[in-house]
Amino acid sequence: NFHYPLMLLLLRCLSSCLSSCLLVQSYLSRFFSDVGVSPPNSVLRSSLDSFEDTLRKMQEFFGLEVTGQLDSNTLEVMDRPRCGFTDVTRYSHFEGRPKWDKSIITYRVTDYTTDLSHREVDTVLAKALKLYSDVTPLVFKKIDSGTADIMIKFKAAAHGDFSPFDGPQGVLAHAFSPGEGHGGDTHFDEDETWTQTSEGSNLFVVAAHEFGHALGLAHSQLQTALMYPTYQYVNPSGYKLPDDDKKGVQALYGVRGTPDSRPKPQPRPTSEPLPDRCDRNFNFDAATLIQGNLYFFKDGNVWKKSSSWGGISMKKISSVWAGIDKVDAVYEYKTNNVVRIFKGNQYRSFRGNAALPGFPKSISHFGFPSSVTKVDAAVHVSFTSKTLFFVNNKLWSYDERRGRMDRGYPKFIHRELPGIGSRVDAAFENRGEMSLEDRFYSKCLVQR
């Protein structure tokens with residue numbers, strides 16, 4: 001008799017724990033795609049590694065302590081109402097972020113919420129879209145019939161797009177990036193209580209966020225940004241687009257202005273001509289992200305694309321990193337802020353612009369055999385602490401923590417990362433998204 005209630009208590013605890021674990025796994029698989037390549041091992045070990053790595057990625061994205069372990073702060077973030085758009089994806093090409101190729105965007109509401117009047121909904125949605133038209137040349141036009149660029153509806157549970165809503169709280173809404181079919185469409189969970197106040201889910205706040213996705217914006221890691229993934233009430237009265245979101249949408253569509261106020265671009269003085277940005281035979285030697293700024297390398301030059309959207313500058317590589325004329329691959333190991341630059345069978349390390357002592361060293365230090373005489377591209381995936389090296393048609397995975405190559409490598413690129421071809425010339429990782437290409441055309445330098 002004594003053991004029976006104890007067993008019931010244990011069963012309830014196990015059931016609660018299992019339920020929590022399933023919810024966490026569902027959250028991670030829904031909002032954080034797998035990035036990087038896991039070493040071959042047992043299915044259980046691989047699953048545990050994948051779970052911990054994905055959890056680290058989630059913790060890093062939200063600015064939490066990165067442990068790979070569940071804690072109260074992590075669970076609290078997961079429990080917040082949020083947008084249904086994924087926070088990161090596996091990898092993307094450099095062919096350009098999705099955007100509308102026109103300045104007049106139509107929208108239509110096909111199904112209204114019962115929480116507010118039609119007029120109230122129309123007023124709120126127009127006000128949310130005005131945040132973007134105030135700072136870009138975009139014009140939003142409401143239509144009442146036919147197919148609009150942005151089709152809007154309030155629906156509960158399954159609603160025809162293979163992304164069912166989950167009831168009150170949880171996912172509040174979701175939107176699709178610009179494109180054909182569902183592109184731009186914005187859906188709100190009718191199981192939520194939609195309001196114009198701080199109670200329930202404020203329609204203006206959620207709509208303004210989702211319309212950012214419908215225009216091509218991804219999630220931001222800045223908690224003050226409108227595009228932060230979790231719901232945060234703000235007073236709609238006098239609300240303006242935060243700086244981070246403003247810069248992002250202007251990078252896609254340009255700046256709204258008058259002929260008198262529109263800035264005229266000034267040519268940057270240079271002692272030699274810039275490469276022809278329309279030359280499809282032009283490709284970069286390397287690309288990387290350092291301290292949030294994007295760097296492209298070609299011959300003896302380096303282009304820096306500022307993280308603050310302040311434009312692009314070009315310098316000689318040697319004026320930034322002394323003793324470096326040309327590069328094959330570059331990456332930043334963020335844990336200790338070291339930049340590693342590869343040329344031929346050697347590499348050098350820098351902290352900032354200062355060279356570290358003891359270099360150059362042979363690339364065999366990483367575990368490459370003598371048959372490998374150069375690295376084509378390298379990218380450090382921060383949340384796994386793995387660095388991926390691309391050599392000819394093969395991929396190597398280096399464990400920075402253990403200081404050795406992962407077992408089972410090299411592997412063929414086209415098998416591990418299908419869809420990008422068999423060669424990679426340059427690569428970088430940003431906020432969990434890995435960008436790679438077998439040829440980086442100069443259009444990457446154009447601000448978008």
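Note: Cβ is positioned from N, Cα and C throughout, glycine not excepted.
The signal peptide feature in TrEMBL is assigned to 1-19. Look at TrEMBL and you will find CYS83, HIS209, HIS213, HIS219, MET227 tagged as Zn(2+) 2 binding site. Sequence annotations record features per position, and here TrEMBL assigns domain 'Peptidase metallopeptidase' to 96-255. According to TrEMBL, the Ca(2+) 1 binding site annotation covers ASP115, GLU192. The Ca(2+) 2 binding site annotation in TrEMBL covers ASP149, GLY183, ASP185. Marked as Zn(2+) 1 binding site by TrEMBL: HIS159, ASP161, HIS174, HIS187. The Ca(2+) 3 binding site annotation in TrEMBL covers ASP166, GLY167, ASP189, GLU192. What TrEMBL lists as region 'Disordered' is 254-277. Residues or ranges marked as Ca(2+) 4 binding site in TrEMBL: ASP285, ASP328, ASP425. According to TrEMBL, the feature repeat 'Hemopexin' maps to 324-370, 372-420. Annotation comment: TrEMBL describes ALA378 as Ca(2+) 5 binding site.
Taking the features listed in TrEMBL, we show where each one sits on the structure.
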{"residue": "ASP115", "record": "Ca(2+) 1 binding site", "Cβ within 10 Å": "17"}
{"residue": "HIS159", "record": "Zn(2+) 1 binding site", "Cβ within 10 Å": "17"}
{"residue": "ASP161", "record": "Zn(2+) 1 binding site", "Cβ within 10 Å": "14"}
{"residue": "GLY183", "record": "Ca(2+) 2 binding site", "Cβ within 10 Å": "17"}
{"residue": "HIS187", "record": "Zn(2+) 1 binding site", "Cβ within 10 Å": "24"}
{"residue": "GLU192", "record": "Ca(2+) 1 binding site", "Cβ within 10 Å": "25"}
{"residue": "MET227", "record": "Zn(2+) 2 binding site", "Cβ within 10 Å": "23"}
{"residue": "ASP285", "record": "Ca(2+) 4 binding site", "Cβ within 10 Å": "23"}
{"residue": "ASP328", "record": "Ca(2+) 4 binding site", "Cβ within 10 Å": "22"}
{"residue": "ASP425", "record": "Ca(2+) 4 binding site", "Cβ within 10 Å": "19"}
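Neighbours of ASP189 (Ca(2+) 3 binding site), defined as other CB atoms within 10 A of its CB across all chains, total 27. When the alpha carbons of HIS219 (Zn(2+) 2 binding site) and HIS174 (Zn(2+) 1 binding site) are compared, the span between them is 12 angstrom.
Calculated from their C-alpha atoms, the gap between ASP328 (Ca(2+) 4 binding site) and ALA378 (Ca(2+) 5 binding site) amounts to 9 Å. Under the three-state DSSP scheme, HIS174 (Zn(2+) 1 binding site) falls in the strand class.
The binding-site residues considered are HIS174, HIS213; of these, HIS174 has the fewest other C-beta atoms within 10 angstroms of its C-beta.
Among the binding-site residues listed here, namely ASP166, MET227, ALA378, ASP166 has its C-alpha nearest to that of HIS187 (Zn(2+) 1 binding site). In this structure, HIS219 is the one among the binding-site residues HIS209, HIS219 with the smallest number of other Cβ atoms inside 10 Å of its Cβ. Taking only the Cα positions, the spacing between ASP185 (Ca(2+) 2 binding site) and HIS159 (Zn(2+) 1 binding site) is 12 angstrom. Within 10 Å of GLU192 (Ca(2+) 1 binding site), as judged by C-alpha distances, the binding-site residues found are GLY167; the full candidate list was ASP161, GLY167, HIS174.
GLY167 (Ca(2+) 3 binding site) has a Cβ environment of 12 other Cβ atoms inside 10 Å.
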